[in-house]
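For reference, the structure is listed below as structure tokens.
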Amino acid sequence: MSQRTRLSVNVNKIAVLRNSRGHGAPDVIRAASACIDAGAHGITVHPRPDARHIRHDDVIGLSTLTRARGVEFNIEGNPFAEPRAGYCGLLALCRETRPHQVTLVPDGDQQITSDHGFDFAREGPGLRPLIDEIKQWGCRVSLFVDVNVTGLADAAIWGVDRIELYTGPYAEMHHAGCSDAVLREFATTARLAQDVGLGVNAGHDLSQTNLGVFLGAVPDVLEVSIGHALISEALYEGLIPTVRRYLDILDSVNPAVSMR
């Protein structure tokens, strides 16, 4: 069975806008539902310990929505961030909701956004038991990684299903008009992952401007997770039309790719 690269819409920024006024508008669940209406294949959230955007009740509501609508739910986050008041911890959230995919990300509490991937040599021993636990819940496990990451074969042995390529460096180079070299590095990393049986996702600073070029150069990307750019563009174009524009890019660039 095969499919084109899938689009998972990150709705964190909807929650940022809602939280800025302290009430329920805009409604995160309604926004996610609109994205699904437009054809999005999944919804992504990245809850933070400080609840700066997505909150526990959002995760529960989105889990219910995605299962009812038959699309994937992807929860991202740092598995090493300690639980605290208002945040039960990433693993507890995933245990409760059993998302289709859990993407582990090594971000610190004070980071504005994710900006690097895991160092497998240093962090692998801590990740392995967490991967085992998450897999027991029936969730697919993806690890957020930098281009040129080493240790992909080890990740496959640990039971990791996919990696998510951190595409921030590509977006910067594309904006500067000099992305050819870094695209070759991303393509090489993707092939190395696929050679050891890992599926490849991608995300961070992807936009309508740079997505097509990336997918044209990097082979067999299974899923892109896009939030900030998509929500920003939707302010001008509308949410449903914007999601459809991204789907048009996926359809125009990608032949069908094998699912892993």
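Heads up, the Cβ atoms here are built off N, Cα and C, so glycines get one too.
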Matching residue for the 3-amino-2-oxopropyl phosphate site, where Swiss-Prot names N10, R21, G227, H228 - out of D50, D205, D248, D251:
D205
Could you measure the widest C-alpha to C-alpha distance across N10, R21, D205, G227, H228, the residues recorded as binding 3-amino-2-oxopropyl phosphate, and give it to a whole number of angstrom?
26
What's the most sparsely packed of the recorded positions R21, H53, H204, H228, counting other C-beta atoms within 10 A?
R21
With DSSP assignments reduced to helix, strand and coil, which class does R21 (3-amino-2-oxopropyl phosphate binding site) get?
coil
Give the helix, strand or coil assignment DSSP yields for H228 (3-amino-2-oxopropyl phosphate binding site).
helix
